[in-house]
Amino acid sequence: MAFNDLLLQVGGVGRFQQIQVTLVVLPLLLMASHNTLQNFTAAIPAHHCRPPADTNLSRDTELEAWLPRDGQGRPASCLRFTSPQRGPPFPNGTGTNGTGTTEPCTNGWIYDPGTFPSTIVTEWDLVCSRRALRQLAQSLYMVGVLLGAMIFGYLANRLGRRKVLILNYLQTAVSGTCAAFAPNFPVYCAFRLLSGMSLAGISLSCMTLNVEWMPIHTRACVGTLIGYVYSLGQFLLAGVAYAVPRWRHLQMLVSVPFFAFFIYSWFFIESARWYSSSGRLDLTLKALQRVAWINGKREEGASLSMEVLRASLNKELTMDKGQASAMELLRCPVLRRLFLCLSLLWFATSFAYYGLVMDLQGFGVSIYLIQVIFGAVDLPAKLVGFLVINTMGRRPAQMASLLLAGICILINGVVPQDQSIVRTALAVLGKGCLAASFNCIFLYTGELYPTMIRQTGLGMGSTLARVGSIVSPLVSMTAELYPSMPLFIYGAVPVAASAATALLPETLGQPLPDTVQDVESRRKRQRRRQKQQQEQQKQMVPLQASA
């Protein structure tokens, strides 16, 4: 009897699985909000230099006198005249023709309070020469996500999924709330970094805890459900940000609920598969019996014993318990191949994804509308991805999603700038494909790695994804060399990465591997199957020729 049979014996997808999966994925609604929160909390409203305070002129006259105009006739954002220019006679009785010298803003800025009455940009003047600090805040958040993926991926293998998840909920609640009260920009960045760390841990432990409590035939459904909840969170962010335009209130609103998640997470049941892989057979038995009781399978739970578990989980009990570090991924050729290929897939997906979703103001339409559209496209994209995952397999779904996303982005690079509808449609389609790719890669990675390094593998994959999200904003700076250069790079990377899926095995309908030997055996079985198919094809060729 394998572990999957034990899950079926205690109820399969019963009341426990339904309740725990719901409670575990609920925080993902707000995790999506945190990842793209800076689209709203760091939005840049229209702005211009503040004229000198002692001019005694009306506002319109001040703008005419002190501010040069850009190519579209609007007041310049970052420059002002060194002395008052054209217009009616000024207090000193002079007037000029508007050709005076300019200088950077020296008295601060005036911001248009219409759409964004309060953001970190308006509060700390992150414009003009300080504009790069806005991107720094998002990059530091992604650095936190990278650190969290490495640290909490390792801790989840050593301490368990449940303990790490509880810690991450508390850290997100505290750091997110403190960020809302940050007195200055450095303190804000520090708390955002801590939030990124904990949210990475939540993402990894959420997927692993759910997958390890679900039977084989339902794992794809759970992975797709998690993806849909994340997409729903993007809808939620658009509505909440529209209703709560002030950044401190918005930051608070998406952080305080994690205190509630922290409280109810104490009632989660630790993964019995992790217990068994850690050699804690007594706790494995207690966890399975508790789940059987919740699922109404008391007799089946009572029939379980230490002897039954020893016979059923012999492989897990004989595994090497001491190795769960990242170096284990490079220890043998089969794991090394998995690690390198999956790392490329994680990097490419995140790199292209954040290249699109973190520049919503660049579309020239309502930022709230674009946020809703980007969330809406995930629904059909992930549905199609789910159907492909369950019918054709994980490998073709992963390859197709990355390839199509890259092609859409590359085409967007050659579409004229004035074709805004076409460019937006291609960006939305590409974003949908990347969302489907994220959905698949989480599930695919969890199914490829053996139990004792599964969380480490997910952590390292997420680490490479975060590297992609950190590098992505830097690539946008190449637009100064050529406007479409970022799109060409964002598109070429996923197209190239899609080829790596050809080196990965298919996991559709396969049990989760518990040991490295299981991974090697799976690869040998697939090689034998491919060899048999090739021999059958060779045998069919002479028959067709003779016919």
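We number each residue from 1, going along the chain as drawn.
In case you wondered, yes, glycine gets a Cβ from its N, Cα and C as well.
Membrane topology from Swiss-Prot places Ala2 together with Lys297 on one side. Between the transmembrane segment (369-389) and the stretches 136-156, 225-245, 249-269, 338-358, Cβ pairs under 8 Å are most numerous for 225-245. Simply put, out of 10-30, 196-216, 249-269, 424-444, 485-505, 196-216 has the most Cβ pairs sitting under 8 Å from the transmembrane segment (136-156). With DSSP classes pooled into helix, strand and coil, the tally for the topological domain 'Cytoplasmic' (217-224) is 8 helix, 0 strand, 0 coil. For the topological domain 'Cytoplasmic' (445-456), the DSSP counts in helix, strand and coil order read 10 helix, 0 strand, 2 coil.
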